[in-house]
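Summarising the annotation, TrEMBL assigns Mn(2+) binding site to C:His133, C:Asp155, C:His157, C:Asp159, C:Asp242, C:Asp244.
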Protein chains: 6
Amino acid sequence: MSKHGYETGRLNLPFVGHCTFGKQPICLEWDKIEADVAILGAPFDMGTQYRAGARFGPRSIREASTLFSFGHGGAYDFEDDITYLPVDKVRMVDIGDADIIHTDTINSHANIETGVRAILKAGALPVVLGGDHSVHIPCIRAFDDQPPVHIIHIDAHLDFVDERHGVRYGHGNPLRRASEMSHVTGFTQMGIRNVSSSNREDYQAARDAGSDILSVRDVRRLGTEGVLARIPEGVRYYATVDVDGFDPSIAPGTGTPSHGGFLYYEVLELFQGLAKRGDIVGIDFVEVAPDYDQSGSTAFLAAQFLMNVLGFIFHERDQRAG
Amino acid sequence: MSKHGYETGRLNLPFVGHCTFGKQPICLEWDKIEADVAILGAPFDMGTQYRAGARFGPRSIREASTLFSFGHGGAYDFEDDITYLPVDKVRMVDIGDADIIHTDTINSHANIETGVRAILKAGALPVVLGGDHSVHIPCIRAFDDQPPVHIIHIDAHLDFVDERHGVRYGHGNPLRRASEMSHVTGFTQMGIRNVSSSNREDYQAARDAGSDILSVRDVRRLGTEGVLARIPEGVRYYATVDVDGFDPSIAPGTGTPSHGGFLYYEVLELFQGLAKRGDIVGIDFVEVAPDYDQSGSTAFLAAQFLMNVLGFIFHERDQRAG
Amino acid sequence: MSKHGYETGRLNLPFVGHCTFGKQPICLEWDKIEADVAILGAPFDMGTQYRAGARFGPRSIREASTLFSFGHGGAYDFEDDITYLPVDKVRMVDIGDADIIHTDTINSHANIETGVRAILKAGALPVVLGGDHSVHIPCIRAFDDQPPVHIIHIDAHLDFVDERHGVRYGHGNPLRRASEMSHVTGFTQMGIRNVSSSNREDYQAARDAGSDILSVRDVRRLGTEGVLARIPEGVRYYATVDVDGFDPSIAPGTGTPSHGGFLYYEVLELFQGLAKRGDIVGIDFVEVAPDYDQSGSTAFLAAQFLMNVLGFIFHERDQRAG
Amino acid sequence: MSKHGYETGRLNLPFVGHCTFGKQPICLEWDKIEADVAILGAPFDMGTQYRAGARFGPRSIREASTLFSFGHGGAYDFEDDITYLPVDKVRMVDIGDADIIHTDTINSHANIETGVRAILKAGALPVVLGGDHSVHIPCIRAFDDQPPVHIIHIDAHLDFVDERHGVRYGHGNPLRRASEMSHVTGFTQMGIRNVSSSNREDYQAARDAGSDILSVRDVRRLGTEGVLARIPEGVRYYATVDVDGFDPSIAPGTGTPSHGGFLYYEVLELFQGLAKRGDIVGIDFVEVAPDYDQSGSTAFLAAQFLMNVLGFIFHERDQRAG
Amino acid sequence: MSKHGYETGRLNLPFVGHCTFGKQPICLEWDKIEADVAILGAPFDMGTQYRAGARFGPRSIREASTLFSFGHGGAYDFEDDITYLPVDKVRMVDIGDADIIHTDTINSHANIETGVRAILKAGALPVVLGGDHSVHIPCIRAFDDQPPVHIIHIDAHLDFVDERHGVRYGHGNPLRRASEMSHVTGFTQMGIRNVSSSNREDYQAARDAGSDILSVRDVRRLGTEGVLARIPEGVRYYATVDVDGFDPSIAPGTGTPSHGGFLYYEVLELFQGLAKRGDIVGIDFVEVAPDYDQSGSTAFLAAQFLMNVLGFIFHERDQRAG
Amino acid sequence: MSKHGYETGRLNLPFVGHCTFGKQPICLEWDKIEADVAILGAPFDMGTQYRAGARFGPRSIREASTLFSFGHGGAYDFEDDITYLPVDKVRMVDIGDADIIHTDTINSHANIETGVRAILKAGALPVVLGGDHSVHIPCIRAFDDQPPVHIIHIDAHLDFVDERHGVRYGHGNPLRRASEMSHVTGFTQMGIRNVSSSNREDYQAARDAGSDILSVRDVRRLGTEGVLARIPEGVRYYATVDVDGFDPSIAPGTGTPSHGGFLYYEVLELFQGLAKRGDIVGIDFVEVAPDYDQSGSTAFLAAQFLMNVLGFIFHERDQRAG
C-alpha cells in the first residue's frame with residue numbers, strides 16, 4: 001500500500017486531510033529542516049490593543065491554504081503562462097507553531113525567534129504566520145546574523161511607537177524595534193492611512209529612521225512602477241504584511257480594521273515587481289483574526305497571497321540562477 | 001375580497017410574504033408554463049470540491065430577490081430613464097426546484113435537465129439558480145434541440161477538467177462537458193484568474209476548443225467595449241455565471257472564493273452590452289452558498305444581477321421588436 | 001407530465017422547493033380557503049422593546065418546517081404508535097402573510113386581524129406565525145364573534161402592561177388587551193419568571209383578571225398532570241406561545257431572552273394533555289427572531305412544536321369524532 | 001487619586017472603558033451642553049421596509065468609535081500633515097439617545113427632534129446616529145429656526161416617496177419631507193442607483209424640487225472637483241448619510257443593501273472638499289444595522305467617516321477663523 | 001428641562017441609551033464612589049490558554065444588562081413576591097474599567113487591584129466583570145486588609161495550577177494564588193468536571209488547602225440544601241464565577257467550554273441560599289467571550305445572574321438589618 | 001535540539017500547533033499503523049437530505065480536540081480518581097482522512113472502508129469522524145472479517161430506510177444496510193424521537209431485524225442501569241453516534257436537528273457502563289456540521305465525548321487485563 005493508503009493515489013480534494021500550509025509535509029524536528037521554504041506559526045496575540053484573536057491566525061490560514069493546494073506538478077497561472085512552485089523544484093515544509101507562553105510576552109517572543117533562527121540555519125526562507133504584529137520583532141531579530149535587509153511593510157498603521165506605559169513589545173511597536181537593529185538598512189512602509197495610523201512624533205521618528213512612508217493613495221498615484229522605483233534595488237527584502245493594510249472589504253477578519261485599504265492586485269503586483277527587483281528573504285503575515293470573518297475571506301486572502309508571492313520569489317530565483 | 005385578501009390592495013413590503021423570485025407567481029405544473037421568463041432552482045451541491053452549501057442557493061436568492069420586488073408598473077432606472085420589466089409586458093414565473101436525489105449525481109442532473117426542457121418547450125427564457133457549477137451541464141444539455149449558442153462564462157476558474165478519478169460531472173467539469181456538445185459554438189470565459197483556476201493542459205484544451213479566455217485584468221485592460229468586440233455578434237448567448245467570478249468582497253458566500261475578482265458594474269455593463277449585441281437565451285447563476293455570508297450580500301448580488309440582466313434582455317428584445 | 005414535473009413523482013428532499021409551512025399548498029385568495037388548518041404569517045416587530053427581527057419569524061419558521069415535511073401518508077410517531085396529520089384527513093394551507101405597514105401599528109394589526117377572520121370564516125384552525133407578541137392582540141380580537149376561549153399563554157414575561165407613555169399595543173401589552181375582551185374567559189400563564197417578567201401592579205392586575213400564573217419552577221413542581229388539573233376542562237383553548245417561554249439554550253433567537261425557561265418536552269407534553277382536555281381552536285407562535293440564532297435552532301423549535309401540536313389536536317378531534 | 005483612578009494616568013486602550021462616541025464625555029442634561037459637537041443616538045427602526053436592526057446603530061457606532069479614540073493631543077493625519085480635532089480646541093460630548101416609544105413613530109420622532117433642538121440651542125454641531133433614515137425627518141425639522149441649509153444626501157435610494165398606504169414618515173420618505181420645509185433650499189443626492197432606488201414619479205418630483213441627482217457612476221465620471229462644482233458654494237450644508245450609499249463590500253450591515261456603491265475615499269474626499277466649500281452644520285448617519293455584519297466593518301465605517309469629517313469641518317472652521 | 005432631556009420623563013426602553021451596568025450611573029472618579037454596589041470592568045484576557053476574547057466581556061455584559069434595567073421602583077419577582085433592588089435603598093454605580101496594559105500582565109493586574117481597593121475603601125460591594133479568570137488574583141488580593149473570606153468558586157476547571165513554564169498569573173492559576181493568601185480561609189469549588197479540569201497533583205493540593213470540591217453531579221446528588229450545609233455558615237463569602245461552570249448550552253460564549261455544566265436555577269438557588277447563610281462581600285464574574293456567542297445568551301446569563309444575586313444579597317442584608 | 005525545537009520542552013497550549021485529534025501523532029502510511037487507537041476522518045456529506053457541511057466535521061473535531069489535549073501523563077478525572085489514557089499505555093494516532101471523490105458515493109465509501117480495514121489490520125480501535133451518517137455503511141462493512149458485533153446507535157432518527165428513488169447509501173439508510181450484514185448480531189437504537197424519525201414500515205422493519213428502539217424519554221424512564229440491562233452482555237459493541245441524538249442545545253451544528261434530545265451525562269454514563277459490560281471495538285461519530293455552530297459547542301461535544309469514551313474503553317480493558 002502506498003503513502004496515504006491508496007494504491008491508485010488520491011484525488012485529495014481541498015476539504016480532505018489535515019491542515020498544513022498548502023498541504024505540505026510537516027517537519028517538527030527543527031534541526032532537520034530540509035526545504036526551500038519553511039512555514040512557522042506564531043499564534044501570539046497579547047500585543048493587541050483592540051480585538052484579539054490573531055492567535056488563531058495560523059490555523060485559519062493553514063485551513064484556507066488547502067483550497068490552493070491541489071496542483072499538478074505545480075501551480076499554473078495562465079496570465080503569466082508559468083507553472084509556479086514546481087513540486088520537484090521548490091520544497092516546502094510546515095514546521096508547526098512556536099511555543100506560546102500565556103501572560104509572558106518576552107518568552108513567547110523568544111520562542112518565535114528560536115523558530116525563525118532554525119529555519120534560517122537550514123537555509124530555508126522563513127514564512128511566519130501571525131499572530132499580532134508584535135511577532136515581527138522576534139522574526140526580524142532572528143536575522144541579526146544574516147546579511148542586511150530592507151523592510152517592506154504593508155499596513156494601515158505605522159507601528160512606530162517607542163514606548164507607552166512601559167510597553168515596548170506590543171503590536172504598535174514592531175517597526176520601531178526593527179529600526180533599532182543594525183542589520184535593518186531601511187524601510188518602505190505602504191498602506192499607512194488615516195488618523196489612527198500614527199501621531200506626529202512617531203511619523204517624524206520613522207522619517208528620521210530613513211523610512212519611505214506611502215499612503216494607499218500615494219501608492220495609487222505613483223503606480224506599481226513608480227513605487228518600485230523608490231525601493232532600493234538589488235538588495236535583500238524582508239516583508240512584513242499586516243492584513244489590515246488591505247481593505248476591510250477583503251480583510252474584515254482583523255483586530256483593528258481601517259477603511260480605505262489596498263485591493264488584492266495592488267499589493268500582489270507590487271510584490272511581483274519586488275521579487276524581480278531583489279530577493280525576498282523572509283516574510284511575516286500577521287493580524288488575521290478569523291473569528292471576525294465568518295466567510296473566511298481574510299484567511300483565504302492570506303493563503304492566496306502567500307502562495308502567489310512564494311511562486312514569484314522562486315520563479316525569479318530560478319530565472320536568476322539561469 | 002380581492003386576491004391576497006385586502007380590498008384596498010397591499011403595500012407588500014419586501015419582508016412580507018412567501019419567497020418566490022421577485023415575488024413572481026409560482027407555476028408548479030411544468031406543462032402549463034405561460035411566461036417570458038421561468039425561474040428554476042437547482043439545489044445540487046454534490047459536485048463541490050471544497051465548501052458545500054450551494055444547495056441553499058435557490059432559497060437564499062429567492063429571499064434576497066424580495067428586496068428588489070416592489071415595483072410600480074416595473075423597475076425604473078433613472079440612469080437609463082427606462083422602466084425595465086414592465087409588469088404588463090414581461091411575464092415571469094417561478095417554477096420551483098428540480099428534484100434532487102442525494103448520493104445520485106446522474107439522476108439529479110437529469111431532473112434539472114427536465115426542468116430546463118420544460119421551460120424551453122414553453123418558449124420561456126430559463127433562469128436556473130444553482131446549486132454548484134456542475135448544474136450547468138444539464139442546463140446546457142437541455143439546449144441540444146435548440147439553435148446553437150455561444151457560451152458566456154463568468155468565473156474565477158476555468159472549469160475545463162476532463163476527468164479525474166472518474167469524475168466527469170463535478171463542478172470543475174462543466175465547461176469541458178459543454179465543449180463536447182455540438183450546439184455549443186464557442187466560449188468567452190471571463191474572470192478566470194490565479195493559480196487555482198486551471199492547469200496548463202486544461203487551459204490548452206479550452207483554447208483548442210475555441211475559447212477566448214480573459215482574466216479580470218484582461219477585461220479591465222480591454223474595457224467593456226473591447227471585450228464585447230471579441231464576442232461573436234448577433235448570435236444567441238447562453239450565460240453561465242459562477243458567483244466566484246465576482247470579488248470575495250461582494251461575494252464571500254461561495255465555496256471556492258478567489259481574490260481579485262470582478263466588481264458589480266464591470267460585469268453588469270458587459271451584460272448590458274451583450275443584450276444589445278445578441279440575444280441571451282438562457283442563464284444559470286451558480287455557487288451561491290449563503291451560510292458563508294451572514295450579511296446576505298452574496299445572495300443580494302445574485303438577485304440584483306439577475307433582475308438587472310433580465311431587464312436588459314427584455315428591453316432589447318422590445319427595442320428590436322420595435 | 002404530472003404536478004411538479006416528473007412522471008415518477010418526486011423525492012422532494014427537505015432542502016428542495018419553495019418554503020411554505022410544511023411544504024403545504026399556498027392559498028392566497030383568502031375567501032377561498034378550504035382547509036382544516038391555515039397558516040398565516042404576521043411579520044410585525046414594531047412592538048419590540050429590545051431586539052427586533054421577529055419580522056423574519058414567518059420566513060424562518062417556514063424554512064425550518066421543510067425539515068419536518070417529508071411524510072409518507074402522514075407523520076408517524078413510534079412512541080405513540082400514531083400517524084399524525086394523515087394527508088388524506090387533515091388539509092393544511094399556507095395563506096401567506098398579513099400586509100404590514102411600516103411605521104403604522106394600528107393598520108398592521110388590522111391587517112392581521114383580517115387574515116385571522118378569513119381563516120375563521122373558512123372554518124379552519126388559524127395558526128399565526130409572529131412577529132412580536134403584540135400580534136396576539138389582533139389574533140385574539142378576531143375571535144370576538146366566536147364562542148368564548150380560555151387563553152393558554154407560554155412566555156417568560158407576563159405581558160400584562162396596561163399603558164406606558166401611551167403605548168397600548170406593544171409586545172408588553174397583549175395579555176392585558178386580551179383580558180379586556182368579553183370572549184376571553186380566563187388565562188393560564190406559564191413560564192413567567194424572573195425580575196424582568198412583570199411588576200407588582202401588573203401581576204396583581206393579571207391575578208385580578210382571573211389568571212393562573214405559574215413559573216417554570218411551579219410547572220415542574222406540579223408536573224404535567226398537576227398543571228392540567230388547574231386548567232378548565234372541556235373548553236375551547238386559544239394558545240399564544242412566546243418562544244422566550246422556552247429556555248435560551250433551545251431558543252436563543254428571540255428579542256428578550258430570559259434564562260431558566262422550559263425545555264421541549266415540558267411544553268409539548270402539556271399541549272398533548274391539553275389537546276385531550278379540550279379543543280385548541282387557535283394558535284399564535286411569536287417572537288422568533290432568526291438573525292440572533294445562526295444555527296437555526298429556534299426556528300426548528302417553532303416548526304417542530306407546531307407540527308407536533310397540530311398532530312395532537314387533529315388526532316384528538318378524530319378520536320372525539322369517533 | 002486622579003480622574004479614572006490612576007495617579008500616573010491611563011493607557012486607555014480602545015477596548016477598555018464605557019462606549020461613548022470617541023470615548024468623549026457624556027452629557028445627559030440637555031440644557032447644559034457645552035461643546036462644539038454633540039452626538040445624539042436615534043435608535044429608531046420602525047420605518048424600515050426590509051431588514052430592521054438599525055436601532056442598534058448608535059451602540060455599534062459608539063463601540064466601533066473607541067478604536068479611533070486614542071489620540072495624543074488630537075488625531076494626526078500624515079497625508080495632510082494636520083492634527084485634527086485638537087483636544088484643547090474641539091469639545092465633543094455624547095448626549096445619549098433620544099427616547100424611543102415602541103409602536104409610536106410620531107412621538108419617537110418628536111423626541112429625536114427635541115434632542116437636536118437642544119444641541120442647536122447650545123450652539124453645537126449635531127451629529128445624529130441612526131436608526132433608520134426616517135430619523136432624518138425630525139433632524140432636519142429641528143433646523144426650522146436656523147438659517148437655511150442645502151442638503152447633501154448620500155444614499156443608494158432616492159427616499160423621495162410622498163405617501164403610500166398612508167405612510168409619510170417611513171425610511172422611504174425623508175427627503176420628500178425635507179423638500180416640503182422652507183428652510184431647505186436644495187439637494188444634492190449622490191449614490192442613487194439601480195432599479196430599486198426610485199420610481200419615475202418620485203424621481204421627477206425630486207428633480208422638480210430642485211434636486212441634483214447623481215448616480216455612483218455619475219460621481220465617478222465627474223470626479224470630486226466636478227461634483228463639488230455643482231454644489232452651491234459658501235452656503236450651509238446639512239449632510240444625511242445613509243450607509244447603503246456605500247458599497248455592500250464595506251457596508252454589509254444595513255437593511256437594504258444595493259450593489260455598486262461608493263468606496264471610502266470617494267465619499268471622504270467629497271466631504272473634505274465640501275468642508276472647504278461651505279459650512280457643514282449638521283449630520284445624520286443612518287441605517288447601520290450591526291447584526292448583519294459580524295465583522296463590524298459597517299460600524300467602523302460610520303465611526304471612521306464621522307471622525308474624519310468632523311476633523312475636516314473644524315479644521316476648516318479654524319482656518320476660516322484665521 | 002429635566003435630566004435626559006424630557007419634561008415628562010423617559011420610557012427608556014432597553015435598547016436606548018449608553019451601556020452601563022443595568023443603566024446605572026457612571027462614577028469615574030474612584031475616590032468619590034458613593035454606592036452600595038460598584039461595578040468594575042476588568043477586560044484582561046492575556047491569561048487564556050485557548051480562545052481569547054474575554055476582554056470584551058465587560059462591554060457585552062453591560063450591553064446585555066440593559067435588558068434587565070427597566071424597573072418600576074425595583075425589580076419585582078412574583079415567585080418570591082419581593083421587589084429586589086429598590087431604587088431608593090440600593091445604590092449602584094458603574095465605575096468603568098481597570099486600565100489594561102497590553103503585553104503586561106503584572107501591571108494590568110495591579111490596575112485591577114487598584115479599582116477593587118477603591119470600591120472597598122468606599123464601603124461598596126465590588127462586582128468585577130472579567131476578563132479571564134486570572135483577574136480573580138488581583139480582585140482577591142485587594143481584600144487583604146479586609147476581614148477573612150471563604151471563597152465560593154463556580155467553574156468547570158479547578159484553576160489550581162501552581163506554576164508551569166514560569167506562568168503563575170494565568171487563568172489556570174487563580175485559586176492556587178488565592179490559597180496562598182492569609183485572608184482566604186477556605187474554598188468551596190463547584191462545577192469542576194471532566195478530564196480537562198485538573199491533574200491529580202493540583203487536585204490533591206486543593207484538597208490539602210482545605211477545599212471542598214464538588215462536581216456538577218455531586219451538587220445534583222446533594223441538592224441545594226445539602227451543598228449549603230457543607231459551606232461554613234455566618235461567614236463572609238467571596239464569589240468567583242467562571243461562566244464555563246455553566247453548561248455550554250446556556251454559556252457557549254467562553255474560551256474553554258466543557259460539556260455537562262450547571263443549568264441556571266442550579267446555581268441561582270445556591271446563591272439565594274448562600275445570601276441567607278452568610279454575607280457575600282465581593283463577586284467576580286469571568287470568562288464571558290461574547291464573540292463566540294452570536295445570540296448573546298452568555299452575556300444575558302451573566303447580566304441576569306448578577307442582577308438576581310445582587311437582589312438576594314441586599315434583600316438579606318435588609319432582612320438582617322431588620 | 002529536542003523534538004518541536006525547544007531544549008526545555010513545550011508548554012504546548014491548546015491553541016498552539018497543528019490540529020490532529022488530541023494533538024496525537026500523525027501516521028499517513030496506513031500499512032505502518034502502530035497504535036491502540038487510530039482516528040480516521042471521513043469527510044463525506046453527499047448523503048445528506050437537508051443541510052450539508054458534515055464534510056468539515058473531521059477538521060472541526062480535530063480543532064476542538066486540541067482543547068482536551070494537554071495532559072500530564074494522561075487525563076485525570078477526580079470524580080473517578082482515575083488517570084485515563086495514560087500516555088505510556090494507550091497509543092493513539094491520527095491517520096488523516098479517507099479520500100473523497102466528489103459526485104461519487106460508491107468510491108468515496110469504498111475509500112472509507114479501506115481506511116477502517118487498515119486500522120483493523122493493525123489491531124487498533126477505529127474511531128471514524130464523519131461526515132454524514134452514510135459513512136457508517138463502509139465503516140461497519142469493514143468489520144465483515146471480524147468477530148460479530150452488536151450495534152449501539154445514538155440518533156434522533158432511525159436511519160432504517162431501505163430504498164427511495166434508488167437511494168440506498170444516503171444518510172437515512174445506514175442502519176438498514178448494517179442490518180443486512182451477517183456479522184451484525186443486533187441493535188440498540190437510542191434517542192430516536194419525534195415524527196421525523198421514521199415511518200411505520202421502517203420502524204417495523206427495524207423491530208423485525210431485532211432492534212431494541214428507545215426514545216429519549218424511554219431512556220430516561222429506564223435509567224442508565226435499566227437501559228444497560230437490555231443490551232447483550234459480554235459481547236463486542238460497535239458504536240455509531242449521530243450527534244443529532246444529542247439535544248440541539250448542545251449540538252446545534254448538525255444537518256437535521258431535532259428538539260428533545262439527550263444531554264451530555266445521559267449518553268456518557270451509558271457508555272461508561274457499556275465499556276464495563278462488553279468491549280467497544282469501533283466507533284463512528286457523525287453529522288457534525290460546524291458551520292451551523294459559530295460557538296463551536298458541537299465540535300467540542302464530539303471531541304470531549306470521544307476522549308471520555310476512549311478513556312473508559314482502555315481503562316476497562318486494562319482492568320480486565322488485570
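Heads up, the Cβ atoms here are built off N, Cα and C, so glycines get one too.
In the three-state DSSP scheme, C:Asp244 (Mn(2+) binding site) is classed as helix.
Taking a C-beta cut-off of under 8 Å and a sequence gap of six or more, C:Asp159 (Mn(2+) binding site) has these contacts in its own chain: C:His133, C:His153, C:His171, C:Gly172, C:Asn173, C:Pro174, C:Leu175, C:Arg176, C:Asp242. A Cβ within 8 Å of the Cβ centre of C:His133, C:Asp155, C:His157, C:Asp159, C:Asp242, C:Asp244, the residues given for Mn(2+), is found for these other residues of the same chain: C:His153, C:Ala156, C:Leu158, C:His171, C:Gly245, C:Thr256, C:Val286, C:Glu287. Looking only at other Cβ atoms within 10 Å, the busiest spot among the binding-site residues C:His133, C:His157 turns out to be C:His133. Listed in sequence order, the residues of the same chain lying 6 or more apart from C:Asp155 (Mn(2+) binding site) and placing their CB within less than 8 Å of its CB are C:His133, C:Gln189, C:Met190, C:Gly191, C:Ile192, C:Thr240, C:Val241, C:Asp242, C:Asp244, C:Gly245. Within 10 Å of the C-beta atom of C:Asp242 (Mn(2+) binding site) sit 28 other C-beta atoms, taking all shown protein chains into account. The DSSP secondary structure for C:His133 (Mn(2+) binding site) is helix. In the structure as shown, the Cβ atom of C:Asp244 (Mn(2+) binding site) sits within 10 Å of 29 other Cβ atoms.
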